[in-house]
């Protein structure tokens, strides 16, 4: 890793910083990439669909509307995401199978864990702006996450001596 979120904040004070609501569950402590969004409520149909497609180093941001009643990500979908090259997943909701998630090379941040799976009703919106934790997550913007927090910027950021965003 060539960046930390504190260094990025120092260099780019205009970045958006998410409220510290999330706990790390994945085997990758730091991750970054362009954002792909899903808005859903207690239905992970769209999360499953996207995890089965090429991730190309992107980050899946899931607005589960803060529900703590069902897990939107478990071991099977997370393994699909790893196999398809996703960098990480940020969930405004819950995950499950946490012991397995911790062994996967995938960044996973969520509000908490819940053993109950979702009911698949084929609902949810993809690639729409979502807002939670005090941040607007816009498809195509960049997310940076590590143990210090979650940042969002409209362009990729670089700490090289040339400065500025890339």
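Keep in mind that glycine also has a Cβ here, set from the backbone N, Cα and C atoms.
Heads up, TrEMBL stuff is auto-annotated, nobody curated it.
Since this is a predicted model, take the numbers as computed values, not measurements.
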* 74, 75, 76, 77 bind substrate in TrEMBL, but which of 46, 96 does that record place at the same site? -> 96
* Return the residue, from the listed binding-site residues 75, 97, with the maximum count of other C-beta atoms within 10 angstroms of its C-beta. => 97
* Asked: What number of additional C-beta atoms lies within 10 angstroms of the C-beta atom of residue 76 (substrate binding site)?
  -> 13
* Asked: Taking the mean position of the Cβ atoms of 74, 75, 76, 77, 96 as the substrate site, which residues outside that list, in the same chain, have a Cβ no more than 8 Å away, listed in sequence order?
  -> 71, 73, 78, 79, 95, 97, 100, 101
* Asked: Measuring Cα to Cα, how many angstrom lie between residue 74 (substrate binding site) and residue 97 (Mg(2+) binding site)?
  -> 5
